[in-house]
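Chemist: Starting off with a structure, shown below.
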Amino acid sequence: MKCSLGPYADGMRADKFFERDRDGQPRAPFLHNIMHNKGRWGLSHARPPTESRPGHVAIIAGFYEDPSAVTKGWKANPVEFDSVFNRSRHTVAFGSPDIVPIFCSALPHTYTDSYSTEFEDFATDASFLDEWAFDRLERFLKESQSDPKIQKDIKDDGLIIFLHLLGCDTNGHAHRPYSDIYLNNINLVDRGIESTVKLIEEYFPDGKTAYVFTSDHGMSNKGSHGDGDPQNTETPIVVWGSGVRGPEMASPEDDVDDGLLFVDQHRHHENTPASWGLKHIERTDINQGDIAPLMSTLLGLPCPLNSVGTLPVEFLALDKRDQARAMFGNAKQVLDQVLRKSQLKQATSLFFKPFMPLVEYESMLASIDQLVSSGQFESALESAQELIKVALEGLHYFQTYDWLFLMSTVIMGYLGWMVYVFLHILETYTKFPLYSHRKAQRVTGRESGKRMVRLSGGLLMGACSLLLLFERAPPLYHAYLGLAMFFWTEIFAHFRLLQNVGSVIQTTKFSWFQQVIITSVISFIVLELLVASFFIREVYTGIFSVAGVVGAVVVSCNMRDLSMVPAFVWASCWFLSAFTMMPTQIADNTALVVGSGILVVMVASIGRWLDYINASDPYWKLKFCTTASKLDKSWLLLCIQVLLVLASSGMVWVTTSYRAQKKGLPFIHQAINWFLAGFSMLLPLKSPRGILPRLLSIFLGFAPLFLLLSIGYEALFYTALELVLFSWILVESAICHSVVPSSSPKWERLNSNYLPESTGRQSSNSALCSIELHHTRVALCFLVLINVAFFGTGNMASVASFEISSVYRFITIFDPFIMGALLLCKIFVPFILVTCAFSAVTRILELPRLGCYFVVLLLSDVMTIHFFFLVKNTGSWMDIGQSISHFGIMSAQVVFVLILFALSSVFTHDLDLLSSEQRSSLARLQTSNDHKYH
């Protein structure tokens, strides 16, 4: 084969490409004519993540890239790999600067060019990007006629021409794949391919050119991709030219389900929709990774080294003998990868276990060779395909060879960490009686015992490390094992503490065990509901429906003088519960975003007005722990924040109108949006130090950023979440002040009901109360709220559930890092609100915030362990990736929550609260007033 032309339409969705337009005509008439008269067609099934870089890796290299490439934004090669571009004699590539330089710039035998990144403007019709690629190829071929070197290079056999067409992807993101702009872009691509094919046929008149048209991924209706939705995984493939079999009539057997599945878990032989007008033509569906061996075979080149694709012989105009030989070569290429992995693992393993089905691989190869030599080509073809299947299983076997070791090490590490944190909480933040009265003996015996345990643990850790070094284990293996042994060494080093805990439990009253059991059961149920919410968002609807009733009852029992507060708590929880019933695909609704901005202003204004008129009321001070608010400069700050929110709402309307008119967003508008979002976040630092004024100021301060990043109902969710956070503070205030103060701290009175008499220990901070068993509710509420802050408008299982169009008010030129950072900011804003409310609650209850963080950490680790057992290494790639992402998210929550606490402390560290003495005096005043009233 002399030349292979590969036009790849980035973001081309299969159904939109194949279906007919409103007039009943093909949307891509030239390629439809090819499918009817010259070539083969079908669906190419992509494996998630359905992004541009992994899609192109599968097409040109034949393997499915590790998601770790996301750390480089799909823009660089974490590991260099072999591809059809490497194997070609020369490659000519034109198109996007985000794709062409990645795969072609480092190769010495390529001619490449790409346009400026500034061309990728989401505010305009991006179809001109495809015209640029077609025109650049035409110009290159004309220039080559006056350059003997270029002409000689591209006249050689084994030439690949690669055109990356980004128009559909950009227009799909900006205008959705059902828009006229996207659909017209498909027609433009078809016309461009038609003219390019004519140009190629004139330049290479020998008829030795093959053509492959496909796409890296599809596009969902909301203009995103990345997950395993069929709209994203199903892409068109059309192949024609030299060496390609012509079209054949479809037969009824083609629609029979053979039970096999593609990499996206869609079945073979799916019915062809009648609207495509192709039902009578045989359709050949393949995996995206099969395209690389197909192109290699068409060009007569070796298959890329790491390809795991299976040659789709149905596309090739080969007789049975050549088909069998080609498939046999494909099988040996995949088998070589298994043998190499087996050699590497055997060289470093003390007790090596081979992959038994391939122990006699030499006889399997000899058998297939014999079948080919004896003319039994059909049997040879089937045997080669079976060998590929077994070899892929062998690759999986060696990729998961250390599964048992890693599984057990990670589990022991997490369990050790959880026990270690639990003991730290008991020792530092509670009044649990852990030590005896004989202090000198305790310290001496405890220190000598610790030294022995740590010495033994260190020796054992060193021996295990030497074993791992001998087996040349990766550094992470050492880290996993080292952390697990460190935690358990520290736990056993506190064996005196463990003994005392056991002694206390044995002498504890039965009523205390009842409290522990009830708290544990409730905590377990809530945590399991949170785990279920990762798969079913509607779980939060049930949680907040129940929470609204429970909160209203609690407040009504403790705030009889404020009858409207229970109704507010109930209404706010039920209002928030509606959002997790809504679809994650958020429809554009500019009016709703602007209205949400007005609602933000109304809520904040009403809150400040209530705080002002009740500033001198002892009931208000006692229940809500706020300070008097004077008519001073803080009201000027409130007015400024209100104006900024209203200005942001106005800019939402203005910038959306520009998009609707297909105009680029002026720089001055982008600058105004950046200023509104950035400046407003600084103003809460100057707000009054009372809880209600400060939280309202934070609410107003982050509203402009969130509104400017909103496109629909998520803007309303912002207000709903804040109302629930205020309700949480009200409920905790009611619980905190429901107990009549006495001369002894509350925790001492409560603990005396359950624990035997002991001297106890003083808290690390005498101004704070110790954490008690019932305070677990605070950590559970925080976990529920921090998760609903995410699930309220998105789906943890899919990054694609967040709208990329949210960032268009700040930037329209494609930049994955800035756009990704803006999306993260949109996600972070509700988290910051929740963490600020959590800080306020811990201040109200006079609890150590760091201690509460450790309780949150402990509960999060329970969920992490659950997700670890849900991690899959079999099944669909979508299920595997989803299970890994769930586990990774929960593991990262340890650091994530700590960062949130650090950010929120900037706004809440100076909250002005009433002291215990002031609250006691106010409580006595309240009691005396109640007696006078009665």
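Backbone N, Cα and C define each Cβ position, glycine as well.
Features from TrEMBL:
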- 108-249: domain 'Sulfatase N-terminal' (DOMAIN)
- 393-876: domain 'GPI ethanolamine phosphate transferase 1 C-terminal' (DOMAIN)
- 403-423: transmembrane segment (TRANSMEM)
- 452-470: transmembrane segment (TRANSMEM)
- 476-495: transmembrane segment (TRANSMEM)
- 516-536: transmembrane segment (TRANSMEM)
- 542-560: transmembrane segment (TRANSMEM)
- 567-586: transmembrane segment (TRANSMEM)
- 592-613: transmembrane segment (TRANSMEM)
- 634-655: transmembrane segment (TRANSMEM)
- 692-711: transmembrane segment (TRANSMEM)
- 817-838: transmembrane segment (TRANSMEM)
- 850-871: transmembrane segment (TRANSMEM)
- 883-903: transmembrane segment (TRANSMEM)
Chemist: In the same chain, who gets a Cβ under 8 Å from the transmembrane segment (476-495) while lying at least 6 residues past its ends?
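Modeler: Hits for the transmembrane segment (476-495): 402, 405-406, 409-410, 412-413, 416-417, 419-420, 423, 449-450, 453-454, 456-458, 460-461, 464-465, 468.
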Chemist: Taking pairs 6 or more apart in sequence, does the count of Cβ pairs under 8 Å between the transmembrane segment (542-560) and the transmembrane segment (567-586) hit 3 or more?
Modeler: yes
Chemist: How does the domain 'Sulfatase N-terminal' (108-249) divide up by DSSP, counting helix, then strand, then coil residues?
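Modeler: Residue counts for the domain 'Sulfatase N-terminal' (108-249) by secondary structure: 65 helix, 29 strand, 48 coil.
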Chemist: Against which stretches of its own chain does the transmembrane segment (817-838) lie, if we need a Cβ under 8 Å and a gap of at least six residues from its ends?
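Modeler: Tertiary neighbours of the transmembrane segment (817-838) are 73, 695, 698-699, 702, 705-706, 709-710, 717-718, 721-722, 725-726, 728-729, 778, 782, 785-786, 789-790, 792, 794, 802, 804, 806-807, 810-811, 852, 897, 900-901, 903-904, 907-908.
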Chemist: Quick one: mean pLDDT on the domain 'GPI ethanolamine phosphate transferase 1 C-terminal' (393-876)?
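Modeler: Within the domain 'GPI ethanolamine phosphate transferase 1 C-terminal' (393-876), the model's average pLDDT equals 80.
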Chemist: Given a Cβ distance threshold of under 8 angstroms, which distant residues of the chain, six or more beyond its ends, lie next to the transmembrane segment (403-423)?
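Modeler: Sequence-distant neighbours of the transmembrane segment (403-423): 477, 480-481, 483-484, 486-488, 490-491, 494, 497-498, 854, 857-858, 861-862, 864-865, 868, 873.
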Chemist: Residues of the same chain, at least six outside the transmembrane segment (883-903), with any C-beta under 8 angstroms of its C-beta?
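Modeler: Same-chain residues near the transmembrane segment (883-903) but 6 or more away: 534, 786, 796-797, 828, 831-832, 835, 839, 849, 853, 856-857, 860-861, 863-864, 867-868, 870-872.
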